[in-house]
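Positions annotated as transmembrane segment by Swiss-Prot: 33-53, 77-98, 113-133, 178-198, 226-246, 288-308, 320-340, 347-367. Annotation comment: Swiss-Prot describes HIS83, HIS182 as heme b b562 binding site, evidence class similarity to another entry. Per Swiss-Prot, heme b b566 binding site is recorded for HIS97, HIS196. Per Swiss-Prot, the feature ubiquinone binding site maps to HIS201.
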Amino acid sequence: MTIIRKSHPLIKLVNHAFIDLPTPSNISGWWNFGSLLGVCLVIQISTGLFXSMHYTSDTLTAFSSVSHICRDVNYGWLIRYMHANGASLFFICLYFHIGRGIYYGSYLYMETWNIGIILLFMVMATAFMGYVLPWGQMSFWGATVITNLLSAIPYIGSDLVEWIWGGXSVDKATLTRFFAFHFIXPFIIAAMAMVHLLXLHETGSNNPLGIPSDADKIPFHPYYSFKDLLGIVSLLSFYLTIVLFFPDAMGDPDNYMPANPLNTPPHIKPEWYFLFAYAILRSIPNKLGGVMALVLSILVLAMFPFLHTSNQRGMMFRPISQAXYWXLVSDLFILTWIGGQPVEPPFIIIGQLASIFYFSIILILLPVAGXXENKLLKW
């Protein structure tokens with residue numbers, strides 16, 4: 001008689017994905033972020049579910065319902081701050097996960113990579129809609145500014161914006177539909193994450209050396225299940241430190257003021273995890289050009305498999321590519337800083353230069369570095 005985990009149709013799926021899965025024996029801590037993203041998603045769905053039980057998606061009561069959650073609901077403050085900071089944690093893990101993929105050449109698994117890019121867009125859209133729900137000043141004005149960008153699309157732009165708003169401005173209809181979409185999207189993200197995993201398990205995991213590892217595979221459980229558990233405990237301790245000691249560190253103080261369509265805040269800016277893209281958007285004086293740069297700043301990830309020129313997969317033994325990679329990471333930090341600054345000198349020119357460097361490193365420097373390293377190694 002076979003073991004139930006190998007014969008039962010449902011348990012067999014779990015077994016192939018998380019128990020008997022053959023895994024490279026040398027994958028490092030950078031491979032932990034996939035499971036951490038799964039944990040983040042579970043945290044966000046569960047805290048969001050409890051927060052939605054007390055939230056009302058009406059312009060008159062949305063702000064006070066969030067206040068009510070924090071003041072009157074048992075542990076409501078904890079649920080609300082776990083959900084708000086969970087989004088930041090989600091993006092920290094996401095950016096590490098993508099950074100690992102770029103560094104070690106994981107983008108050569110094209111199905112997995114492209115599904116990952118779709119997932120990134122979905123998570124960004126969901127986070128943006130969630131930021132609108134508390135109906136504070138930055139929620140309202142962020143929603144107005146970002147949705148208004150669609151009006152830059154020729155011919156259909158202004159109609160499209162009014163269609164999304166459900167009226168002549170961001171109002172009750174907008175808030176209600178954003179709540180509906182914000183609720184459903186994480187479940188779609190969870191389903192897409194399963195597809196992401198399915199595509200990955202067709203090829204098997206990459207590893208730090210970037211070489212085939214069929215000759216040296218070990219079962220996922222117990223080795224990597226416990227390694228993931230260590231990552232999860234570390235993540236949760238960091239997460240709870242933020243939630244319990246610095247709950248407002250990631251947020252904007254303007255969002256503690258109820259939305260007022262008659263009073264524009266002096267600096268409208270999104271949450272910190274969108275600031276790099278916001279800086280790229282603002283670096284182009286033309287509206288349509290800015291919107292295109294904004295979309296391309298994420299979509300450029302899809303170019304990585306086609307721009308891979310090196311005969312080695314990862315950057316582990318490629319110092320020139322490493323230099324360009326870390327310059328890209330530094331550039332993203334600079335863009336994040338600029339995104340939070342007002343549009344005035346010297347920030348304008350810094351943002352424009354950082355945006356040019358961002359695209360130049362990805363589209364020119366990394367492929368050139370790869371080709372140069374091939375030449376140096378006489379490959």
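The backbone N, Cα and C atoms fix where each Cβ goes, glycine too.
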Study note, to complete from the structure: Same-chain residues at least 6 apart in sequence with Cβ under 8 Å of the Cβ of HIS83 (heme b b562 binding site), in sequence order, are GLN44, THR47, GLY48, UNK51
Check your understanding: How many other Cβ atoms are found within 10 Å of the Cβ atom of HIS97 (heme b b566 binding site), counting all protein chains shown?
Key -> 19
Exercise for review: Determine, to the nearest whole angstrom, how far the Cα atom of HIS182 (heme b b562 binding site) is from the Cα atom of HIS97 (heme b b566 binding site).
Suggested key: 23
Point to revise | For the transmembrane segment (226-246), distant same-chain residues with Cβ under 8 A (at least six beyond the ends) | key: 29, 32-33, 35-36, 39, 43, 78, 81-82, 85-86, 88-89, 93
Practice item. Enumerate same-chain residues with a sequence separation of six or more from HIS201 (ubiquinone binding site) and a Cβ-Cβ distance below 8 A; give 'none' if the list is empty. Key: HIS16, ALA17, LEU21
Exercise for review: Mark yes when the transmembrane segment (33-53) and the transmembrane segment (288-308) have three or more Cβ pairs under 8 Å (sequence separation 6 or more) and no when they do not.
Suggested key: no
Review point. What residues in the same chain, six or more past the boundaries of the transmembrane segment (347-367), come closer than 8 Å to it by Cβ-Cβ distance?
Key: 279-280, 282-284, 293, 296-297, 300, 303-304, 307-309, 321, 324-325, 327-328, 331-332, 334-335, 338-339, 341
**Study point:** Sequence-distant neighbours of HIS196 (heme b b566 binding site) in its chain (C-beta under 8 A, six or more apart)
**Key:** THR112, ILE115, GLY116, LEU119
Review point. Over all shown protein chains, what is the count of other CB atoms within 10 A of the CB belonging to HIS182 (heme b b562 binding site)?
Key: 21
Practice item. Using a Cβ-Cβ cut-off of under 8 Å, list the residues of the same chain that are 6+ residues beyond the ends of the transmembrane segment (33-53) and lie near it. Key: 69, 76, 79-80, 82-83, 86-87, 89-90, 93-94, 96-97, 100, 130, 179, 182-183, 186-187, 189-190, 193, 228, 231-232, 235-236, 239
